[in-house]
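One structure is given here, and the rest of the page talks about it.
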Amino acid sequence: HLKQTNKQTQDTRHELNVLYTFHYRECTVHMAQYCAIMQHHCINQLCRMDSTSSLLGKTLISCLVSCVCLFKMNPVRIIDLFEINHIRTIYHMFISVLFLFIISTLAVDYIDQGRLVLEFDLLSYAFGKLHIVGLAWLLMFSYTLAVPYYALALWGTLYHRSPVQGVLSVGAGLVLSALQAALLGVLPIYVVFHYQLPPASRFIIILEQIRFLMKSYSFIRENVPVILKHKTKEEGPRFPTFSSYLYFLFAPTLIYRESYPRNPHIRWNYVGVMFAKILGCLFYGYFILVRLCIPVFMNDSNKPFSTRTLVLALFHATLPGMLLLLLAFFAFLHCWLNAFAEMLRFADRMFYKDWWNSTSFANYYRTWNVVVHDWLYYYGYRDFLWLSRRKFRTAAMLSVFVVSALVHEYVFTLGFGFFYPVMFCLFAFFGVAFNFTLNDNRKSPVWNIMMWTCLFIGQGVMVCLYCQEWYAQIHCPRLENTAILQYHVMIALQYPVQCYDSTAVPSTML
């Protein structure tokens with residue numbers, strides 16, 4: 001009984017800590033804004049004082065201005081780490097590695113072809129058919145902007161006047177669910193397969209599909225309880241403004257609020273630098289694939305399969321896999337989200353925390369992507385506990401892991417165009433096991449080394465197996481719904497392999 005009580009106390013402490021962190025971020029940014037306004041008024045008041053004003057009044061206002069400046073200049077933002085010289089040195093080291101990739105590519109092309117060739121055919125292939133992506137995105141955005149908002153407004157207007165509130169609510173929920181499934185569920189999948197989009201274009205559509213679903217769910221989930229609690233029948237409930245919903249669709253957050261902390265102005269130079277860094281990350285990823293992945297797995301596709309080949313390929317893929325993970329983190333969670341936050345004057349920049357210092361996978365999952373973690377915690381974990389009357393905490397945590405693993409696998413399956421559940425197995429099985437075994441009780445730096453080692457191995461497994469399956473799909477057409485198995489059997493038996501039409505795939509990948 002004491003062990004069970006202690007476990008419940010720890011879970012409650014963790015929930016309070018998450019809530020405290022979320023509201024503390026909002027309060028801190030609001031206080032910074034109020035302090036900026038107060039500083040402005042104090043300075044104006046100080047300037048109006050003449051020589052006859054009391055020395056005590058001038059001193060008090062000067063001290064207040066100093067305190068306000070001290071608070072305003074120290075917001076709680078993890079992105080300020082990149083202003084520290086030591087962190088910027090690591091950033092400069094990554095840039096120097098990019099220059100080495102460019103020089104090595106030029107040198108190899110000059111030796112092989114006798115001329116300097118710097119082609120980006122892989123990037124042009126991966127981001128092909130962007131006009132179709134733009135049209136599909138515009139259709140999904142238009143639906144998400146209009147239908148959930150006006151459906152909620154119509155239901156909220158009729159709810160307290162209707163004698164059959166339950167029937168009205170069920171009917172509205174079914175209609176909205178059907179529309180969501182058709183336009184945000186089936187339509188993106190149809191576009192991806194019907195137009196045979198390349199990988200990067202597929203990922204754009206699928207990730208935007210998931211983002212619109214999560215945002216529309218948050219909007220409805222936050223406003224339905226407000227309408228249900230409204231008691232006055234003479235006056236209708238207060239609906240959110242259309243402008244606040246439109247702002248939410250572009251804001252770098254998945255939790256709907258009527259208003260957010262806002263910065264006083266936009267730094268357009270900062271926005272330009274962020275987008276330039278995103279472009280640099282794309283070229284960085286291109287050189288990693290061209291120099292470290294494609295030559296290895298393209299040559300392995302012509303060799304008989306063996307355990308030695310698989311193990312060597314796996315450990316060879318750990319370095320490019322980890323580099324791709326860090327690039328994805330820096331490009332999206334840092335540059336992309338900060339660029340949109342700056343353009344929208346969105347003040348809460350806590351998109352991630354210091355996950356690199358984690359000594360447990362439980363802390364890593366909470367700090368790697370704070371934006372998605374907040375959504376899963378509020379609408380997955382907490383709602384599950386509310387429905388189960390706070391009795392099944394372990395089941396709530398497992399359900400969040402399973403849903404997250406399924407969504408990750410869904411993205412990879414549609415993005416690459418084949419079902420190969422490497423991500424699901426790593427996330428749903430190994431991720432859950434590490435979450436319960438390598439928990440927050442581990443504080444030694446040794447566990448941070450263990451965490452990084454597991455990340456290196458996991459990324460190596462993903463890059464190795466997905467690259468092998470990619471070449472299996474190219475060289476071995478599916479005759480009986482077997483791709484990689486058929487490919488390795490044909491290679492092992494020394495049968496000649498059949499190739500796809502290579503007109504859609506760049507020659508560097510064949």
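Each residue, glycine too, has its Cβ placed from N, Cα and C.
Here's what TrEMBL has on this protein:
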TRANSMEM  91-111  transmembrane segment
TRANSMEM  131-155  transmembrane segment
TRANSMEM  167-193  transmembrane segment
TRANSMEM  239-256  transmembrane segment
TRANSMEM  268-289  transmembrane segment
TRANSMEM  309-337  transmembrane segment
TRANSMEM  392-412  transmembrane segment
TRANSMEM  418-438  transmembrane segment
TRANSMEM  450-471  transmembrane segment
Chain residues outside the transmembrane segment (268-289) and at least six past its termini with a C-beta under 8 angstroms from it: 94, 98, 101-102, 105, 120, 122-123, 320, 323-324, 327, 330-331, 335-336, 338-339, 342-343
Region pair the transmembrane segment (131-155) / the transmembrane segment (392-412), three or more CB pairs under 8 Å: no
For the transmembrane segment (167-193), distant same-chain residues with Cβ under 8 A (at least six beyond the ends): 132, 136, 139-140, 143-144, 147-148, 151, 154-155, 158-159, 202, 205-206, 208-209, 212-213, 216, 220, 414
